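Here the structure is laid out as structure tokens; the discussion comes afterwards.
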Amino acid sequence: MDTKIQSQFIYIPIRGFNDQALKIDIASLPDSKELIEVLKAELAPLDLWLKLANEYYKQDRITDFIEVLKQVTDADLEQYYKDSKLDRIAMLNALASYYTQLGSQEKDKSKREEYFQNATFHFTKADRIDPHQPLTWIGKAVLLLTKGDYERAESNFKQVLDLAKSNNTLPVLPAKLGSACILFNQGNYIKALDTYQKVIQQNSNCLPSVRLGLGYCYFKLGRTKKAREAFKRVLELDRDNVEAMIGLALVLMNENQVPDAMKLILSAYQLAPNNSIVLNHLANHYFFRGEYNKVNTLGVAAFNNTDVAHIKAESAYLIGRAFHATQRWQDAIQYYHQAVQKNPDLYLAQFGLGQIHIHNEDYDKAILCFEQVLSKQPNNYETLHILGSLYKYGSLYKSNVKSTTPTSTSISTSTSTNLTTNGISNEIINKIKNVLKKATELNPNDSSNWFELGQVLESTEVSAALEAYEKGLNLLKRDGITPTLEIQNNIAVLRHQKGLLVEAEQTYLDIIKQSGYQLSQFKAINITSTYNLARLYESMGQINKAEELYKGIIKEHPNYYDCYLRLSCICKQQGDYYEAGEWIREVLDIQPDNQEAWALYGNLYLHKEEWYPAQKNFEQITENPENKNETYASLSLGNIYYNAKFSNPDKVEKYIGNAEQFYNRVLFKNPTNIYAANGIGMIIAEKGNLNLAGETFLQIREASMDCIPVSVNLAHIYVSKGLYDNAIKLYEGCLKKSTSPKEIETIMMYLAKVYFDANRFFDSKQTLKKAIHMYPHNLAIHFNLAISIEMQATIFLEKHQKNASETHMIIKELEFAQRLLTPLATTKPTPKLNFNPQKAKSHQSSIEKILVRLRTEHESIVKIEADLSKKREAAFEEVKRLEEEKRIRELELKQQLEEKLEAERKLAFEEEEKTREELAKNNASAIVDDDYKDGEGSTKKRKKNKKDQQEDDPEEHKKQKKEKKEKKEKKEKKKKSKKVSDDNEGDADEGDAEHQDMEEDGHKEKKKKKSKKDKKDKKDKKQKKKEKRQREKEGQVEGEGEDDENKEQDEHADQEMQDAKEAEKQKEVEDFFGSENEM
């Protein structure tokens, strides 16, 4: 008979009687021991055991519940029910899940661990029955989730969900809820929300806690409206749900509805006075009310009532914040530390802890705390602002950085031991820059950020630093705030460094003026600006002004040692080493332990190449490891020992070892010091490992491209390897960058040497010529130049083709080389002599031999070139004579052709004149006939004859024209006389005028006829000329093409002249008739 539950009874089938059962009232369940005896006796199905256990659990009879389920582990029952695998697994999982629940609620760690072990034991037994049972996976996942092992829990849930894709009967809902919970705790709120939504869609009647998860996802995603709806829905379904009250209270707090939120918190507190989340919210509320005792009480209760790490962290943070507010620094640190340990992502606790470290001046720890905050909140302005100011107080920054303002004497740019960023690693500098740049982006109106950024950049990026300072300055001016003298001084220094010398000078003078005193008063308030102004005058080359200010400061402030040291530097630059030493001694007389003065004194001896006193000065500095000049002194001692090997060959190994010790001493304190690293590279090269030395120098050069000593040493390595082109590029680059005369002199010597080694003797010679002009007192340059000239001459001797000018130039240079070597060969050898007099004498002898040979060759070459010159001159004269004869022949031929053409033109002209006369006669006869026929003959004939006459006889035409002009003048006079005549005479004149008008009309008619005829004649003449030219052209002899062309040009010119004459004649005729018409 099947087990059935009817109403409020459970029926246990009686074994052997299929139609009979034992009736158990659920409302009054017997003791579990009695019931277990019955179940065993009747061999009741295991699902009935599980249901009865579940009823005990519902009635809160936990002991009976456990006793019933524990029977599943009995060996006899296991054997009997071995085929009821699913029921056995279900009972084991139920018992394991109960232990999981107990463990999650237990405060005692040992008991909690015991519960978790019991749960694990029963899940393991279930796995042994069937390792692929999804319910077991889900139970184990919940246990792992409770223990905080999210990764393994997620794996178990995923196994169930993957299996469910191919099996729709599996219980996937618990797995999905568990997976959503893990996603939420991992901060993946979007996927968690999606999972919760799908669960609700698949099961709309799910428990309110599912919607609770939905609400918290919305809240974390900032969708407060949706979150409020979800929490309210949970409260509608379960009005005493504390978690929903807390969630809704959080939403209301974010919307600034604090009173309503606190009402919900208080309601939750009444329902669950031990709920840690509720207690934390109450503690936070009382903190803002200033009731710090209540904060501590509630925070401690919350901390003790939960084992959830992030809730404990929140409680510890609240307690620490209360102690922080009451200035109980040590207690605050303790609880802040607990909060961070429980939840490293709780950046508020890190922030508070950082503030306590600042109060305790533990800046390195403070920096670490705020960096942790920044990693979680990269755009948090307050953190960026604090870090921007805090970094410069950290040990990594403070122990290495030097003031960027030129208020210290700083030994000199050539002896500085600073790295590219004043000893601070690029990582630190970039970190500070990034923080401050982000702070200025988030709040560009905060001037303090700009000033902090400028201060960080001023040691590496002068232009960017000046820009940042000026932006901050403009913000202050906009707000009507007067910038501090320190800020103005920094701006002036940056302008000085950027080369804006005039602007920097004006800024310094403005600072002094704002103080209310005069520059000449040298008041203490202006002492830094006055000193910097003097440094500026040094840069501007106004040494007298600088000295005047330094001495003025010393007079008013005798203990301002920097001025003494600057005056020493000026004397050293002017070559007055004695006076330079006197200024340093004045400082040491006042303050014998002034390490800056000792360092400068040592540097002065180095400059004079007095190694022993330099060594003693630097050793005195190194006796005090805390001295800020100790690094420079150690480097200088390393260099002294390294250079000592050249003068003491027997002690090379010892000196190299001493140098290495000092270089390592610097690197131990500052691993990024490139000068010490450069020294180690030199030691490696000295030991013969050129490859490793080259790699070392390359790495250092990558860190600082502007470090000249490193580039020079790398060039030396290239020379040793025969890579001359690479070495030359490096030496030339160093020459462009260097500003030290001594350094430039040395590099020029290196460059000349590598040119010499590369057989580029001309380049070597040119480099040395330039060097000898710059440094005429360096006898080594004289020696090397003579050798370069000698080698170039030797190569020239092997040249097969030479000319006199080349040999002459080489001879002159060799003579110059001899003059260079003559004094060198007689120089007395000394330890400081930088050349060998004996070698100078030897080379002088070699040059003399070359000179003898070259002079002989030169004489021979000169004689040969003279003979060749005479032959070339004779050949030139012969060519010139032949060309002249040719020119004369061509002129004679041309003249003959011109005479011939002139004769032909004359003959043609005569024929043309004859033709014209015949045409004129014919035309005259035609005009007479026309005049008789028309009845107007006399007038037309006269005019026609006149025109013909003009054409036939130009002289006669001019005469006629003159007569007409005279006649016209007479008529004009006559007209004037007519104006004074009486009326009768006027009438008579009018009649004459009418007669004249009639005559003029006749003349016009004749003129038209004459014009037509002239055009026809002109056309006929042109045709005849054209035919005549054609005949002349056909009569020319072949081979006279050039003469034919000249002939055509002449004929064309004659034709133009003829046409011009005819046009002139035509114009004269027109003018004639025109004048008659006017008359």
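From the backbone N, Cα and C atoms, a Cβ is placed for every residue, glycine too.
So that you can see what the record holds, here are the features copied from TrEMBL:
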COMPBIAS  959-978  compositional bias 'Basic residues'
COMPBIAS  983-992  compositional bias 'Acidic residues'
COMPBIAS  993-1004  compositional bias 'Basic and acidic residues'
COMPBIAS  1005-1028  compositional bias 'Basic residues'
COMPBIAS  1037-1048  compositional bias 'Acidic residues'
COMPBIAS  1049-1070  compositional bias 'Basic and acidic residues'
REGION    916-1079  region 'Disordered'
REPEAT    134-167  repeat 'TPR'
REPEAT    208-241  repeat 'TPR'
REPEAT    313-346  repeat 'TPR'
REPEAT    347-380  repeat 'TPR'
REPEAT    527-560  repeat 'TPR'
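Long-range neighbours of the repeat 'TPR' (313-346) within the same chain, counting only residues 6 or more positions beyond its ends whose Cβ lies under 8 Å from a Cβ of the stretch, are 276, 279-280, 283-284, 287, 292, 295-296, 298-300, 302-303, 306, 352-353, 355-356, 359-360, 372, 376. Sequence-distant neighbours of the repeat 'TPR' (347-380) (same chain, 6+ residues past either end, Cβ-Cβ under 8 Å): 313, 316-317, 320-321, 324, 329, 332-333, 336-337, 339-340, 386-387, 390-391, 393-396, 435, 438, 442. Residues 89-90, 93, 96-97, 100, 103-104, 116, 119-120, 123, 126-127, 174-176, 178-179, 181-182, 185-186, 309 of the same chain lie 6+ residues outside the repeat 'TPR' (134-167) yet bring a C-beta within less than 8 angstroms of a C-beta in it. Taken as a whole, the repeat 'TPR' (347-380) shows an average pLDDT of 86 in this prediction. Secondary structure counts, DSSP: the repeat 'TPR' (527-560) has 27 helix, 0 strand, 7 coil.
In terms of DSSP secondary structure, the repeat 'TPR' (134-167) contains 29 helix, 0 strand, 5 coil.
For the repeat 'TPR' (208-241), residue counts in helix, strand and coil come to 27 helix, 0 strand, 7 coil, using DSSP.
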